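Asks: Sharing a structure below in structure tokens format, with a few things to ask.
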Ligand SMILES: [Zn+2]
């Protein structure tokens, strides 16, 4: 192999490494975005879990008081689930299908409200 060929190969590799390095930088950026998003979702999820647990605990407490004999079925009687949703909405979270669980930031959401009024009416 001639020296010039080796030199060419080295230049090629250098170029490839440069490109790979660029791609690596892009991936790193994407990864950063994903991690940020993941973190945000984690916090939100944590928040929601706490909230649901709170609601569930209150529900269990009132159920224990009201009745001890009934078979332990998981489903809520109609109306109770709605109360929970209404409460979650009041606490500032979406209950609509579009954005369920995400914070409302004190803004009313017509989809949530529609859901509430629909269930309320029937
Ligand atoms: Zn909503």
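Keep in mind that glycine also has a Cβ here, set from the backbone N, Cα and C atoms.
The Zn(2+) binding site feature in TrEMBL is assigned to 94, 96, 109, 112. For 64-73, the entry in TrEMBL reads compositional bias 'Polar residues'. For 48-84, the entry in TrEMBL reads region 'Disordered'.
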Asks: Starting from the Cβ centroid of 94, 96, 109, 112, the recorded Zn(2+) site, name every other residue in that chain with its Cβ within 8 Å, sequence order please.
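Replies: Result: 89, 95, 98, 99, 100, 104, 110, 111, 113, 115.
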Asks: Return the residues near residue 96 (Zn(2+) binding site), defined as same-chain residues 6+ apart in sequence whose C-beta is under 8 angstroms from its C-beta, sorted by sequence, else 'none'.
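Replies: For residue 96 (Zn(2+) binding site), the qualifying residues are 109, 111, 112, 114, 115.
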Asks: Across all chains shown, how many C-beta atoms besides its own are within 10 angstroms of the C-beta of residue 112 (Zn(2+) binding site)?
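Replies: Neighbour count, Cβ to Cβ under the 10 Å cut-off: 23.
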Asks: Which of the three DSSP-derived classes (helix, strand, coil) applies to residue 109 (Zn(2+) binding site)?
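Replies: Assignment for residue 109 (Zn(2+) binding site) reads coil.
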